[in-house]
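Beneath this line is the structure, given in structure tokens, with notes to follow.
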Amino acid sequence: MEVFYYLVFGAMAAVVAALELSKTNKDRINTSSSFNSFKNNYLVVFSIMMAGDWLQGPYVYYLYSTYGFGKGDIGQLFIAGFGSSMLFGTIVGSLADKQGRKRACVTYCIVYILSCITKHSPQYRVLMVGRILGGIATSLLFSAFESWLIAEHNKRNFEQQWLSLTFSKAVFLGNGLVAILSGLFGNLLVDTFSFGPVAPFDAAACFLAIGMAIILTTWSENFGDPSDSKDLMTQFKVAAIAIASDEKIALLGAIQSLFEASMYTFVFLWTPALSPNDEEIPHGFVFATFMLASMLGSSLAARLMARSSLRVENYMQIVFLISAASLLLPITTSVLVTPSKVIGEGLSLTCSIQLLGFCVFEACVGIFWPSIMKMRSQYIPEEARSTIMNFFRVPLNIFVCIVLYNVDAFPITIMFGMCSIFLFVASILQRRLMVISEKPKGEEWSPMKERNSEVDPLNL
């Protein structure tokens, strides 16, 4: 393996370690012992849930290919997953608000375990059912757990600033350390022990069952709006009105969709970008490097959010601009550096530069997650939190389905250019969000309240 890969990985690990070990009192938030117990319980559960998700990711495509399916059939299976998340996501989100977030988290475990079981069948229809179940589970993973955390945090009257600590640690562990360990564990099961490509899915099911047991025994239930008068369609209406009547919520949804669309597109593009001539690249090692970069970003986010004088809305503009510039590198390097035409040659200068740029983008991803969580906790109303969060994912899933369907239709540079434009637009919208969020609360909220009172059936 190229020495450059080791150097980048080692440098990233050293920076992450230095950031964590060099924290001062200014970088830490003083909390209570009861909060620390609550936070640690959530982090254990969330890390286990993410392990169940990360174990599957690297082996989905590989498993389908071992069953003899071609690129077209596999693409349709992936589209089914994102389409399922789009179609059923808002429904399960509303049910989480209505029936309880703890129940929704348990449902996530059950649905994802069933999805893992389907991987044992080589039949296309069974695998399609598994992808649909996986799409539903993904919607719950990225809405129900966060909604439960925020509601429970507020119910226990913890300080609002302490939420940022839980968010940053959740990303550091769940999207960083756990991802790396899951990748290594999956590789151990498949390659070292030769248990086959379905083994990581069985391991994921075991982790999900353990997490479900902890949820059932240690979590209490909380709701958005449990009133009997609000059925599913009314929940949708309340969420839609909240988005339409409050510019901050609409901006937040647009920002999230633009960034996540770029992020998921990047997931499909980084492999061909680093191996344009079919070079052999260590996918698992590169993935681990990206996760280290994400950990670096979440560590930076923890420091930024620990400073009460610095608002999330301010620094995220810069983060979006940096991420836009990092995904422009494949375009600029193709113009400024003569690409190699030798098939199977080692890592070229162009790819080396791009790898560094992709690490910068992943660091921005690590900053983005806890920061967007913090903003969602501030702006999204509690009574329809899960519903609104899944509404935000609808345009994202539509876009990803379009990209998957047309992945071979556009040159890779065009795709990266499109992502950069999305991220630049996100920085502009973030600027607007910062400006209106600084307005006095009475001035910005009274119109929304007035409009909501006109349509809320509880006020009729």
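Even glycines carry a Cβ here, placed using N, Cα and C.
TrEMBL: automatically predicted annotations, no manual curation.
What TrEMBL lists as transmembrane segment is 6-22 (among others).
Annotation comment: TrEMBL describes 42-62 (among others) as transmembrane segment.
Listed as Cβ neighbours of the transmembrane segment (74-93) (distance under 8 Å, sequence separation of 6 or more from its ends, same chain) are residues 60-61, 64-65, 104, 107, 127-128, 131-136, 138-140, 143-144, 232, 236, 239, 386-391, 393-394, 397-398, 400-401, 404-405, 407. Taken from TrEMBL, the feature transmembrane segment covers 74-93 (among others).
Below 8 angstroms of C-beta separation, residues 42, 45-46, 49, 53, 56, 77-78, 80-86, 88-89, 92-93, 96-97, 101-102, 104-105, 107-108, 111-112, 114-119, 163, 166, 219, 222, 224, 373, 376-377, 382, 385-386, 389-390, 393 of the same chain, each at least six residues beyond the ends of the transmembrane segment (128-150), sit close to that stretch. The transmembrane segment annotation in TrEMBL covers 128-150 (among others).
If you look up TrEMBL, you'll see 162-186 (among others) marked as transmembrane segment. Beyond its flanks by at least six residues, the transmembrane segment (162-186) meets 29, 31, 35, 39, 42-43, 46-47, 49-51, 54-55, 58-59, 149-150, 153, 199-200, 203, 284, 287-288, 291-292, 294-295, 297-299, 301-302, 305-306, 365-366, 369-370, 373-374, 377 of its own chain at Cβ-Cβ distances under 8 Å.
Non-local neighbours of the transmembrane segment (198-219) in the same chain are 41, 44-45, 48-49, 51-53, 55-56, 58-59, 63, 102, 105-106, 109-110, 112-113, 116-117, 119-120, 148, 152, 185-186, 189-190; each lies 6+ residues outside the stretch with a CB under 8 Å from one of its CB atoms. The annotation transmembrane segment is assigned in TrEMBL to 198-219 (among others).
Counting residues 6+ beyond its ends, the transmembrane segment (285-306) has Cβ neighbours under 8 Å at 1, 5, 8-9, 12-13, 15-16, 19-20, 23, 26-29, 58, 161, 164-165, 167-169, 171-172, 175-177, 179-180, 183-184, 270, 274, 312, 315, 355, 358-360, 362-371, 374 in the same chain. For 285-306 (among others), the entry in TrEMBL reads transmembrane segment.
The transmembrane segment annotation in TrEMBL covers 318-340 (among others).
Residues or ranges marked as transmembrane segment by TrEMBL: 346-369 (among others).
Taken from TrEMBL, the feature transmembrane segment covers 390-406 (among others).
Long-range neighbours of the transmembrane segment (412-429) within the same chain, counting only residues 6 or more positions beyond its ends whose Cβ lies under 8 Å from a Cβ of the stretch, are 251, 254-255, 258-259, 261-262, 265-266, 269, 272-273, 317-318, 320-321, 323-325, 327-328, 330-331, 334, 403. What TrEMBL records for 412-429 (among others) is transmembrane segment.
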Open item on the list: Cβ under 8 Å, sequence separation of at least 6 from the ends of the transmembrane segment (42-62): give me the contacting residues as numbers and ranges.
Closed with: 74, 78, 105, 108-109, 112, 116, 134, 138, 141, 145, 149, 166, 169-170, 173-175, 178-179, 181-183, 185-186, 190, 197, 200-201, 203-205, 207-208, 210-211, 214-215, 219, 283-284, 287
TODO: Grab the same-chain neighbours of the transmembrane segment (318-340) for me: Cβ-Cβ under 8 Å, and only residues 6 or more beyond its ends, written as numbers and ranges.
DONE: 255, 259, 262, 266, 273, 276-277, 348-350, 353-354, 357-358, 360-361, 364-365, 367-368, 371, 412-413, 416-417, 419-421, 423-424, 426-427, 430
